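To start, the structure under review is shown below, and the notes come after it.
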Amino acid sequence: MTEKIYPISEEIKKNTLLDEETYQKWYRESINDPESFWAKHGQCIEWFKPFTKVKNTSFNDGVSIQWYEDGITNVAYNCIDRHLKTHGDQIALIWEGDNPYHDKKITYNELYEHVCRFANLLKNHGVKKGDKVTIYLPMIPEAAYAMLACARIGAVHSVIFAGFSAEAIAGRIVDCESTFIITADHGLRGGKRINLKDNVDHAIEIAARQNVRVDQVMVIRRTCGPIDWIEGRDFWYHEEITHAKTNCPAEPMNAEDPLFILYTSGSTGKPKGVLHSTGGYLVYAAITHKYVFDYHPGEIYWCTADIGWITGHSYLVYGPLCNGATTLMFEGTPTFPDKGRFWEIVDKHKVNTLYTAPTAIRALMGAGNSFVEHSKRTSLRLLGTVGEPINPEAWEWFYHTVGNDRCPILDTWWQTETGGHMITPLPGATPLKAGSATRPFFGVQLQIIDEQGNILEGEAEGNLCIIDSWPGQMRTLYKDHERFIETYFSTYKGKYFTGDGCRRDSDGYYWITGRVDDILNVSGHRLGTAEIESALVLHPAVSEAAVVGYPHPIKGQGVYSFVTLMEGTAPSEELQKDLIKHVRKEIGSIAILDKIQFAPQLPKTRSGKIMRRILRKIAENNFDNLGDISTLAEPQVVEDLIANRQN
């Protein structure tokens, strides 16, 4: 990792919201007196009834997290209504379609009307405060309308990434007991059609077998392609939306009422329903968006994330709209119709801030510089990265080639569970280092801890923990508070364990080194190894499977599968292809097996536990650091695995 320091640019210094001195002052205040700090910044949103209590949190037995607990507000009101008097005619949402010739611009006044109609349509179909609504949509404006409409009437949304399979959708429907689904006939991505309605139909059948019945499916028309239809259950959005009223009062919501459930991979294989509440989440999404992206009114802000991920929730929809920003939503991929698409969009819409994933950056870097050089990119002021640590080579390319040495790079570290940025540079306050997430955001107290639980001071490397709460923190895992405590607070008592490894350098900068648990970070998407292993062993040819990550030049981490076949089944290229297809069907298109190694046996301890540590080293080609293998029941298994490693 490089230690070269990139100073704060003079251009940014002239017009920044926060300089180095203010950052230090505010950070000290946020740690020494969090009540006062967050009381002040809690005013960044409008409250129907002001809060009198700020912070009521404990990471000890029982774990309880409450912020602004007696305040009453509404997320949709803050994202739309409060902007109407002063800038109702400003563009709220720019939509750029998969097809480069398709786009839309929606003002705040228009957004108000769309969301009110959508909210009334939900109400007309019996959806009420507290109901769970599943959203499985492509990146179209209606996806944002659906989220905001749920927030407006107090329904809890559960958005599912449109790349997930019917089985994955069903698991989420069953867990949150959702009886109402919003989907589209198809999605469009990279010029290809995705059968969303088909997936939903299959998911509903699977959920029904687990005694969860979906009563209504709202279908948004995207392609007009043929789909199956169930009369009495399915209804067309376009047929009913024009009859819905254009005014819908915003439901008064307690700050601690749930806003959404978002499922993320768990190390046990069953996805975890991360629950975020209303007041604290919105305050944190808004304040991080404002200061991390140094947001000034009138700027065009583009977060390339899908709404199916937390980044899409916090930094495509809720944070920017709460701040009255213009946010850009992109339906397509960075490489369609060619690898210059991102830069064309930047020029076309005069984008000032581009926030994207290292995976996309590495893929575009691999395409060479000519696509970038064919564009001007003069509107760009800031560049950001999210989803995984960015390697210094990709950082340097993004900075020099895309940003022409003048746009600070905001390498943000955070999680679905944190709701918003935790470690991040601030453009006017933080000198940069390529590959470092730099310093903690306000109110974030970090500790690096070794395997024995000792707190490490100064330069150190170990497990990253957070020792006190912040407003955007998840409140629980839906219907499973015990698992919430077990997952995040049992490893180090009284501390939130992130599951990430981290290094702190001599300047106090933090470098995220990757997951230390059984979660893979593939192209910025979290996949549980247990989830993939469970999918593999469902295949009739597979007796046993173990999955680990290995360094991948584009995706950050690749998926390496060690597979033991049933007695009498021979390995073949055909079977390999079938296993890849099978896992995609079970989990979704993001679960791609990069390497499959057929192994007659897996390395196990005498008690029968698979030694994944050894498999990880083999997958990484790191044969010299296998460590102690004397505890294995059959140590010779390791030699066979090394000899047959997939290059």
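Cβ atoms are placed via backbone N, Cα and C, with glycine included.
Quick look at what Swiss-Prot annotates:
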BINDING   Arg189, Gly190, Gly191, Lys192, Thr311, Ser523, Arg584  CoA binding site
BINDING   Gly387, Glu388, Pro389, Asp411, Thr412, Trp413, Trp414, Gln415, Thr416, Asp500, Arg515, Arg526  ATP binding site
BINDING   Val537, His539, Val542  Mg(2+) binding site
MOD_RES   Lys609  N6-acetyllysine
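In terms of Cα spacing, the binding-site residues Gly387, Thr412, Val537, Val542 that come within 10 Å of Ser523 (CoA binding site) are Gly387.
Here the C-alpha separation of Arg584 (CoA binding site) and His539 (Mg(2+) binding site) works out to 12 Å. Taking the binding-site residues Gly190, Gly191, Pro389 in turn, the residue surrounded by the fewest other Cβ atoms inside 10 Å of its Cβ turns out to be Gly191.
For the pair Lys192 (CoA binding site) and Pro389 (ATP binding site), the C-alpha distance works out to 30 angstrom. Here the CA atom of Thr311 (CoA binding site) lies 18 Å from the CA atom of Arg515 (ATP binding site). Of all Cα pairs drawn from Arg189, Gly190, Gly191, Lys192, Thr311, Ser523, Arg584, which the record names as binding CoA, the longest spans 24 Å.
Of all residue pairs in Gly387, Glu388, Pro389, Asp411, Thr412, Trp413, Trp414, Gln415, Thr416, Asp500, Arg515, Arg526, the annotated binders of ATP, the farthest apart have Cα atoms separated by 18 Å. Gly387 (ATP binding site) is 20 Å away from Arg189 (CoA binding site) when you measure Cα to Cα.
Here the C-alpha separation of Val537 (Mg(2+) binding site) and Gly191 (CoA binding site) works out to 33 Å. With Trp414 (ATP binding site) as the anchor, the candidate binding-site residues are Gly190, Gly191, Thr311, His539, Val542, and the one with the nearest CA is Thr311.
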